[in-house]
């Protein structure tokens with residue numbers, strides 16, 4: 001009876017292992033539908049407020065996660081078998097080398113060296129394949145560096161936008177889907193003024209650079225300019241918002257959310273009519289901003305256009321056309337007559353009004369999904385955020401490619417840049433808020449636990465660099481805005 005050589009036996013053994021691995025994967029794939037059906041049957045008998053389409057989507061996503069872990073487990077078993085095979089081969093080869101026996105010391109050294117090389121290779125592969133998973137479990141920056149200071153509760157629906165006044169007294173403004181805009185005392189969290197002139201969702205709020213005047217954009221296809229008069233209340237000692245029982249993040253249910261009547265906005269002064277209404281759009285006005293000097297305003301709409309208005313006469317000066325889909329945001333340069341508009345068409349455009357006779361436009365391409373916002377920074381840089389889970393830093397002198405790209409694990413909403421320190425605040429769909437520098441280095445993640453932080457999608461962020469108590473504000477669809485104190489010197493030192 002013929003005897004198999006060592007090489008033939010090894011080849012046959014490897015072939016059998018590959019076959020068993022293939023069968024394992026096939027069995028795994030064949031049982032996916034059975035598991036999905038079982039999960040659906042189990043959930044059908046449970047009470048749930050989720051629509052069936054959402055539940056099915058969640059089941060599919062969890063099924064994909066389960067399959068990934070199964071594949072990793074199978075690969076791990078195969079790697080362990082290969083390690084055992086290599087150890088056996090090393091032991092077999094160590095018995096004779098050129099017809100001479102190796103000593104135990106030589107065999108031990110050779111096996112140890114080969115095993116260490118293999119171990120290092122496995123570690124490198126494992127780190128590369130799991131880096132994305134591990135990064136999501138990193139410990140948050142110390143609470144001494146990023147502290148929650150104040151919560152602003154009073155809206156009855158999600159808050160789309162947050163802004164800080166540029167003139168004294170410095171107040172916080174929020175724009176909400178409940179058709180109102182509220183002005184707040186930053187120190188006390190008390191509502192100071194309530195604007196109720198819109199008949200649709202208020203999507204944006206911006207303060208005039210020199211006067212106590214606000215500009216709001218709405219789903220009622222208009223933008224309003226309205227005046228406010230505020231008197232700041234006497235600050236009260238702040239309750240300690242940072243006393244939490246642990247670092248673990250806890251999921252929230254709807255019953256944990258503020259009910260909108262918490263700190264109350266019903267007893268604050270109400271402004272019911274605007275000074276001026278800008279009415280040239282044929283769709284939702286999603287954002288608006290003041291041009292430098294405050295004599296003109298720009299609006300961005302779902303009708304795929306941005307409009308430039310004269311504030312005194314309310315007349316349309318320019319209609320900025322060119323985007324292929326709905327606009328999502330607009331932003332003006334703090335010192336020059338420049339405007340950027342972002343769109344669902346995956347681009348953002350730079351409009352130049354510095355020369356009255358020439359109105360040039362540059363198109364920036366690089367994202368693969370909706371560009372949710374684009375904002376100016378110091379110098380000639382623009383930062384853009386997108387639903388494609390990236391943030392890109394651009395040089396206005398070079399449109400071809402970004403100078404830095406930040407990759408995240410969730411869609412990015414309306415970003416804001418701390419101009420003095422060049423720090424970008426990234427609000428995410430997954431309720432996180434992360435801080436990065438302009439070169440793409442992650443600095444911190446704002447704390448979010450069972451007692452603090454946003455409980456739903458974070459829609460917007462706004463820096464207030466000069467305020468002694470709160471220098472960063474965020475708002476979300478959990479109906480609240482939050483004031484944070486970021487110890488920037490300590491944050492940069494940690495980097």
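Using N, Cα and C of the backbone, Cβ positions are placed for all residues, glycine too.
The following features are taken from TrEMBL:
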COMPBIAS  22-31  compositional bias 'Polar residues'
COMPBIAS  246-264  compositional bias 'Acidic residues'
REGION    1-36  region 'Disordered'
REGION    237-270  region 'Disordered'
REPEAT    152-194  repeat 'WD'
REPEAT    195-226  repeat 'WD'
REPEAT    278-319  repeat 'WD'
REPEAT    320-361  repeat 'WD'
REPEAT    364-404  repeat 'WD'
Note to self: Can you tell me which parts of the same chain pack against the repeat 'WD' (320-361), counting only residues 6+ beyond its ends and a CB-CB cutoff under 8 A?
What the structure shows: 283, 286-292, 298-308, 367-376, 382, 384, 386, 388, 396, 414, 419
Next item on the list: Determine which residues of the chain contact the repeat 'WD' (278-319) at the Cβ level, with the cut-off under 8 Å and only residues 6 or more beyond its ends counted.
Entry: 161, 200, 203-204, 206, 208-211, 213, 215-219, 221-225, 325-337, 339, 341-343, 351, 353, 359
Notebook entry, point to check: What counts of helix, strand and coil residues does DSSP assign across the repeat 'WD' (278-319)?
Noted result: 0 helix, 22 strand, 20 coil
Checklist line | Surrounding residues of the repeat 'WD' (364-404) on its own chain - C-beta under 8 Å, 6+ positions past either end | finding: 328-329, 331-334, 338, 340-344, 346-350, 410-417, 419, 422, 424, 426, 436, 438-440
Next item on the list: Tally the residues of the repeat 'WD' (364-404) by DSSP class, grouping H, G and I as helix, E and B as strand, and everything else as coil.
Entry: 0 helix, 22 strand, 19 coil
